[in-house]
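Data first, discussion second: the structure below is written as structure tokens.
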Amino acid sequence: MRLLPVWTAALLAAQAAGVALTHKLNGFTITEHPDAEKRELLQKYVTWDDKSLFINGERIMIFGAEIHPWRLPVPSLWRDILQKVKALGFNCVSFYVDWALLEGKPGEYRAEGSFAWEPFFDAASDLGIYLIARPGPYINAEASGGGFPGWLQRLNGTIRSSDQSYLDATENYVSHIGGLIAKYQITNGGPVILYQPDNEYSGGCCGQEFPNPDYFQYVIDQARRAGIVVPTISNDAWPGGHNAPGTGKGEVDIYGHDNYPLGFDCANPDVWPEGNLPTDYRDLHLEISPSTPYALVEYQVGAFDPWGGPGFEQCAALTGYEFERVFHKNTFSFGVGILSLYMTFGGTNWGNLGHPGGYTSYDYGSPIKETREITREKYSELKLLGNFIKSSPGYLLATPGKLTNTTYTNTADLTVTPLLGNGTGSFFVLRHSDYSSQASTPYKLRLPTSAGQLTIPQLGGSLVLNGRDSKVHLVDYDVAGTKILYSTAEVFTWKKFHDGKVLVLYGGPGEHHELAVSSKAKVKVVEGLGSGISSKQIRGAVVVAWDVEPARRIVQIGDLKIFLLDRNSAYNYWVPQLGTETSIPYATEKAVAASVIVKAGYLVRTAYVKGRDLHLTADFNATTPVEVIGAPKTAENLFINGKKAHHTVDKNGIWSTEVGYSPPKIVLPVLEDLKWKSIDTLPEIQPSYDDSPWPDANLPTKNTIYPLRTPTSLYASDYGFHTGYLLFRGHFTANGRESNFSIQTQGGQAFGSSVWLSGTYLGSWTGDNDYQDYNATYTLPSLKAGKEYVFTVVVDNMGLNENWIVGQDEMKKPRGILNYELSGHEASDITWKLTGNFGGEDYVDKVRGPLNEGGLYAERHGYHQPYPPTKSKDWKSSTPLTGLSKPGISFYTASFDLDIKSGWDVPIYFEFGNSTTPAPAYRVQLYVNGWQYGKYVNNIGPQTRFPVPEGILNYKGTNWVAVTLWALEGSGAKLDSFKLVHGIPVRTALDVEGVELPRYQSRKGVY
């Protein structure tokens, strides 16, 4: 092992001596006090040292998942996601709050129905999941405006600064959401253990003071005023030391940062660039914040995908099970004490809530799919890691050392980072020195153990590390009082039951492994063939060697049964904590010990004992053998999803049964055959259209970043329109000298726009992911002098920009018309009107929120909601597969019934066909029961399949689907195909409660 650098050694020595440390880092002066108890704490429930948090006095590794409930607007499904997180072996969830969804109008905070947070907090509490609250006010999150409401574009001050106008604007939101979070803190019996002020406060420019200690202290104090007393934690965008403990005003209690080491090149999922695996984060942590636990508040487990990208399945491959094995185990080598994976469940950018850099799906290539399915192997791999950490309290007591490729192996092709314990177990994280290597490399280990330095395997043969894999080898590992002297196979879990101990080990295909137990007991093979297993007593330890096989084998040494599994078999094992019928305890040492091991395939949600009955709730996607290992002594009967299951008990005490799988026949309607009704949703292009009720575009802008180049503002947010399609009408009197019209529109990446002159189509910008704005020039027909004409302009607002760099105020980039020029005229010759969603910030549909609707005629009238007035004379029978024969926008709606059998979780998608080459330029908005659940851009993509969850879809009744079809080319547009399809039905214990689906009602004052 190489010696620590002089500075690091001195730092550690000073810590040990209890000396306060002062040092310089990146321009900051950092003063670290080594004793966390001497910091002023506002509560006693959550404390910490340099290794981990303590919750109620018990040391705990926080292994968490990032999920955003607001990206799944069906609160009853939040429990489903949280159960799937708990089943990973995780104990925590980190979440953002999207301010834009809660305060669509300044001063009016609304958090009801799908926007209420109480069901989420209650579910986390019921399931024993701690929460890290990250309400911003700025969140980034690939959300429109980075979570900022659009009305901040009118703010006369710099966002995320100490400008009083900005601070005042945040008060209503923070007082409400902060107050609610405060009620659910651990101090009040709730699940919230940490609070993050702001997010990624890591970069500034343009003359703004950065970092600004006054600003950040205000954000912290603001939370404290709302009642927040749990420790604060930061999320620096890189380990830059911003607001670290000891930096003075604006410092947080616990420093953390994020990291997305493999990046976002989903088009090349097999490419792992040289140098992308972090190796120095432990050293950086010791420089920045040595007396707090190392915290990775966001660590990559998926990737975002832009408009025109390769799609999220490619992102899932980029950050798949191999990525998890190498990169996540690498984080363990740093001694990470707080780790949250972004995104463990991504969800959907429904209702225009996404930023312009992404499309409707926010699947993120996550372990839990957008559809809530857990069929990606990366979910199962993550479960192995989560349960290992949950079973290994000694990990937090081990001290990380320096990586080396010579000390612990016999080959320089491999690198090992040790975490050395002092009687509490040691961990050796092994990977290829070239982390991207796909070679299979044989090796031997040289490990320091309590029995001395050992060369492993001791019984002959060789270990092997396959390509893009990593191992955590163990030394002096405690299993309920039995010492595992070493294990080359990896631990999934272990438990002490009333009739003995169980240790579950696994290995990859083609691997050879060896285990030594400090015991003089004999080895018995109690299940499976013993011919592939060898053993020997060596200096007071039983050494067992085996080759990994698909068939399970169980070896018994004294009162310890060791399950030898291959990795794919281990994927089918679950370790639910025993709870009650309605709740699961938090992952305390006692609660973790009170768990059972279940082999059951797709998903095990909960386990509890009621009287003499052991109850499991579980999901199945195939006929599945179910085994219970370590059934409680008091249990006699087995119930699965409330039904008694006949079971047998073998000689090893394992309960066995089988759950059948007979999926129901699912008959979905053929969308092409529905009784579609349509209406022109762009009547504004007709010269006779009366726009007198529309707002006049007569304001000067309040935008402080983008000065006007037009006589009056044509920035939509100046008038309260922040979401969806925007419409402008410009009136002028011709003088006969008009020859062309130039217009610069801006809607964000991949936006589109179209222009008409008094019913004559002039042209469109069809969109490109590389363009946020576009300047087009259109040739005009001959105009008659003295006659009134009107331009009609449609702009697709793809969401507001995020606001990452302080001082740029990127979220203030306007949407609408930036500039225009009509030949032969002054700009002031044109008088403009505009509209967006009906009511703007006084939006009508409070159930579906402030961003759900855009400015099209049908949207303004609410025709996208169930039961629109299709019998009026303006409607005709027409389908989107017939479409339009010329440029324009039509609206189509139809109803259909579903009858999905209860007890089955069935993913359902709306799928658009795209078979024409080159792809015609048209845009579609998909509404389901009034909720906007898709923006489809045919000529850009990539998304063609749009999942809609149960709860938005009525699985047992009538549903309404609506689409807007915008033809941006002279030949018009029609859908190639439009289908309703389903995924694999899962037999489930899940119970889904639908959300409110308000019907169409005539809107007062609508135009």
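Positions of Cβ are set from backbone N, Cα and C atoms, glycine also.
Since we're looking at a predicted model, the values are computed, not measured.
The signal peptide annotation in Swiss-Prot covers 1-18 and is backed by sequence analysis. If you look up Swiss-Prot, you'll see Y96, N140, A141, E142, N199, Y260, Y364 marked as substrate binding site. The N-linked glycosylation site feature in Swiss-Prot is assigned to N156, N405, N422, N621, N740, N775, N914. Marked as active site, nucleophile by Swiss-Prot: E298.
Separating the Cα atoms of N156 (N-linked glycosylation site) and Y364 (substrate binding site) is a whole-number distance of 35 Å. Across the glycosylation sites listed here (N156, N621, N740), the residue whose Cβ sits among the most other Cβ atoms within 10 Å is N621.
Spread of the substrate binding residues is 19 Å (greatest Cα-Cα distance among Y96, N140, A141, E142, N199, Y260, Y364). If you compare Cα positions, N621 (N-linked glycosylation site) sits closest to Y364 out of the recorded positions E142, Y260, Y364, N914. Sequence-distant neighbours of Y364 (substrate binding site) (same chain, 6+ apart, CB under 8 A from its CB) are G302, A303, F304, F312, C315, M343, G346. Cα spacing between E142 (substrate binding site) and N740 (N-linked glycosylation site): 38 Å, rounded to the nearest whole number. Cβ-based neighbour count (10 Å, all protein chains) for N199 (substrate binding site) stands at 26. Ranking the recorded positions Y96, A141, N199, Y260, E298 by the distance of their Cα atoms from the Cα of N740 (N-linked glycosylation site) places A141 first. Using CA atoms as reference points, the recorded positions Y96, N199, Y260, E298 were checked against N914 (N-linked glycosylation site), and the closest is Y260. Candidate recorded positions: E298, N405, N422, N775. Nearest to Y260 (substrate binding site) by Cα distance: E298. Summarising the environment of N914 (N-linked glycosylation site), the number of other Cβ atoms within 10 Å of its Cβ, over all protein chains shown, is 17. Local packing around the Cβ, expressed as the count of other Cβ atoms within 10 angstroms, is greatest for E298 among the recorded positions E298, N405. Sequence-distant neighbours of N422 (N-linked glycosylation site) (same chain, six or more apart, CB under 8 Å from its CB) are L397, listed in sequence order.
DSSP assigns A141 (substrate binding site) to coil in the three-state reduction, placing it in neither a helix nor a strand. Ranking the binding-site residues N140, A141, Y260 by the number of CB atoms within 10 A of their own CB puts A141 at the top. Other Cβ atoms within 10 Å of the Cβ of N775 (N-linked glycosylation site), summed over all protein chains shown, number 15. Following the DSSP three-state reduction, the secondary structure of N775 (N-linked glycosylation site) is strand. Taking the Cβ of Y96 (substrate binding site) as reference, residues of its chain lying under 8 Å away and at least six apart in sequence are, in sequence order, E66, H68, R134, P135, G136, I139, A141, A143, G147, N199.
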